[in-house]
């Protein structure tokens, strides 16, 4: 429509659909394809969970940490889809192990005395009383039928899937932890989620003289925020579903319960199924580390980066240069030799298979996101060329009379509300061309408004349809919509509070947010036609 209405030529519109962002995305997807093909992501997740132990609270934190770490480098959707089957297996193994322990104890006490069976593992006194009543046999009163009847009644109240209310709560907790941590992890790196990439491309295109947004600066800015949000979300979810006992959590010298032993066993079995680390995993890990190191050291800010070696061409090398260079290596490095048997009976190598093939890459490449983002860039260019951006900025300039913190809070709340019903990429694509002119019109550093709004775009925690990780965990059937709303509301509040805290503490001095930069234009208050 832009060419038809004389706003931009068709050639200019088409050029917006493939930019530096898309090459960066291609390189990252090459890495993600190899990681998932050779099961390196599963090895990393299980190893991190084994490191934190099998206490339910620590286990939850272990799964959240490993999921968040993987989400820094893989898409949030694939991370949640990979980790959830492991979590489901662990939870079901814990429930079945506890059932076996209780059955054994009931058999032992059934014909001996009239004393109730004391069970240590309980959520509260009510559940303990239920278990005592269920397992207290009375000679001559058909104790077995009574026990079976009470067990059936309890299961009918929880949908015949869970032995106790605590088991159901644990399933809910684990599901939400995976969904939320996969989203929180994506905040940490500029390649962690599509919204970060869209912001970086839009910002660098609109303000080409500002070289402050790159992989290293984004990580330093967002990593503390993501860690704080992750820890507070863990505490909130743990308290909401299972209760949070600080004294019990940090108590030393505790013996492992049957639940913890069962959990440790299933995680150990899953890890052993992977076998020893293979050549393909080692090569993928080396390329992964190489890509991350080159990203960090290109323009770290506090020291001279390797981009200074090409000082004759400032700004030529970007994060996409690194991503594409390393990404191409996945197609070139041999993964295994292909052999055939000759008529003489000899086995000879005739070719090799690379770490990934083009067909495998295509199956992972999110072309829908690439086209959607391209349309967003074209729309932003159209807003700029037509003068709509300046007009909207002038109309919003009365907001300049409000305190800066209130403007940031209003814009963040607006974005967080919108992203619950619209996709994250669509939300950030719609909101950036509006907020950037607003910042210029009220003479505030654009990063002051754009950074918290970009981070808030990922805070889609309330509904199953808000983002794919939520939908994935909801499909396992443990959650109701109201469960996600209650839990997500708390995580949303935590996220917004931490982002606001960061903007006025460690982020402000990083980008000198309190002064209006020279690289940002000044919009006059003239009325646009």
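Along the chain as shown, the residues are counted starting at 1.
Using the three backbone atoms N, Cα and C, a Cβ is placed for every residue, glycine included.
TrEMBL annotations: computationally assigned, not manually curated.
Not measured: the values here are computed from a predicted model.
The following features are taken from TrEMBL:
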{"type": "REGION", "residues": "116-160", "note": "region 'Disordered'"}
{"type": "TRANSMEM", "residues": "21-38", "note": "transmembrane segment"}
{"type": "TRANSMEM", "residues": "58-75", "note": "transmembrane segment"}
{"type": "TRANSMEM", "residues": "173-199", "note": "transmembrane segment"}
{"type": "TRANSMEM", "residues": "219-241", "note": "transmembrane segment"}
{"type": "TRANSMEM", "residues": "277-296", "note": "transmembrane segment"}
{"type": "TRANSMEM", "residues": "316-333", "note": "transmembrane segment"}
{"type": "TRANSMEM", "residues": "396-415", "note": "transmembrane segment"}
{"type": "TRANSMEM", "residues": "421-439", "note": "transmembrane segment"}
{"type": "TRANSMEM", "residues": "487-508", "note": "transmembrane segment"}
- For the transmembrane segment (396-415) against the transmembrane segment (277-296), do we get 3 or more Cβ-Cβ pairs below 8 Å once near-sequence pairs (under 6 apart) are dropped? no
- Message: If you count every Cβ pair below 8 Å, which range out of 58-75, 173-199, 277-296, 316-333, 487-508 shares the most with the transmembrane segment (421-439)?
- Response: 173-199
- Note on the structure: Checking 58-75, 219-241, 277-296, 316-333 against the transmembrane segment (173-199) for Cβ pairs under 8 Å, the most are found for 58-75
- Query: Residues of the same chain, at least six outside the transmembrane segment (219-241), with any C-beta under 8 angstroms of its C-beta?
  - Reply: 57, 60-61, 64-65, 68, 169-170, 172-173, 176-177, 180-181, 184-185, 187-190, 296, 301, 451, 455, 486-487, 490-491, 494-495, 498-499, 502, 506-507, 510-511
- Using a Cβ-Cβ cut-off of under 8 Å, list the residues of the same chain that are 6+ residues beyond the ends of the transmembrane segment (487-508) and lie near it. 176, 180, 184, 221, 224-225, 228-229, 232-233, 236-237, 240-241, 405, 408-409, 412-413, 416, 448, 451-452, 455-456, 459, 461-463, 466, 514
- Distal contacts, the transmembrane segment (277-296) - CB-CB under 8 A, six or more residues away: 27, 31, 34-35, 38-40, 43, 73, 214-216, 219, 306, 319, 322-323, 326, 329-330, 333, 335-336, 355
